[in-house]
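Student: The structure's right below; bear with me while I get my questions together.
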Amino acid sequence: MGTSTDTDTGIGSLAGAPLRSVGIVLAAITGVIHLYLGVSFIDSPLGWSFLVAAAGFAVGIVGVLYGYRRTLLYVLGILFVVGQIVVWYVVNAPDFGTLGYVDKAIQAVLIVVLVLLYRRAA
């Protein structure tokens, strides 16, 4: 059996890529959180920004699942999630809320996973 590399393509390639699978699960969780927030605040521009973020996670997940330029997606994912954490802090300080803390903890772990995936692929 071969080992999983960044050049693996297709959904079947996840069987040998537990770290990639962890990243996909983390991205899916934070994507669902953003979808929930987007629907909850649909009448405001903030709600739409949550929906855009959820779509960003979905696009990233699909891209990784189908092996589309994974190394680039890892870098873009790192930047996307770091940007979200910064914006979250700026917009919400000092009232962050439990869901915000949970989501940012998930995103912090996602950043670590993306960095590890990038280092493995580069």
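Every residue, even glycine, has its Cβ placed from backbone N, Cα and C.
Residues or ranges marked as transmembrane segment by TrEMBL: 21-42, 48-66, 73-91, 97-118.
In the displayed structure, how are the listed features positioned relative to their neighbours?
Tutor: Long-range contacts of the transmembrane segment (21-42) within the same chain: residues 14, 48-51, 53-54, 57-58, 60-61, 64-65, 77, 81, 99, 102-103, 106-107, 109-110, 113-114, 117, each at least 6 residues beyond the stretch ends and with a Cβ under 8 Å from a Cβ of the stretch.
Long-range contacts of the transmembrane segment (73-91) within its own chain (CB-CB distance under 8 A, at least 6 residues past either end) are made by residues 23, 27, 30, 46, 53, 56, 60, 63-64, 100, 103-104, 107-108, 110-111, 114-115, 117-118, 121.
Counting residues 6+ beyond its ends, the transmembrane segment (97-118) has Cβ neighbours under 8 Å at 19-20, 22-23, 26-27, 29-30, 33-34, 37, 70-71, 74-75, 77-78, 81-82, 84-85, 88 in the same chain.
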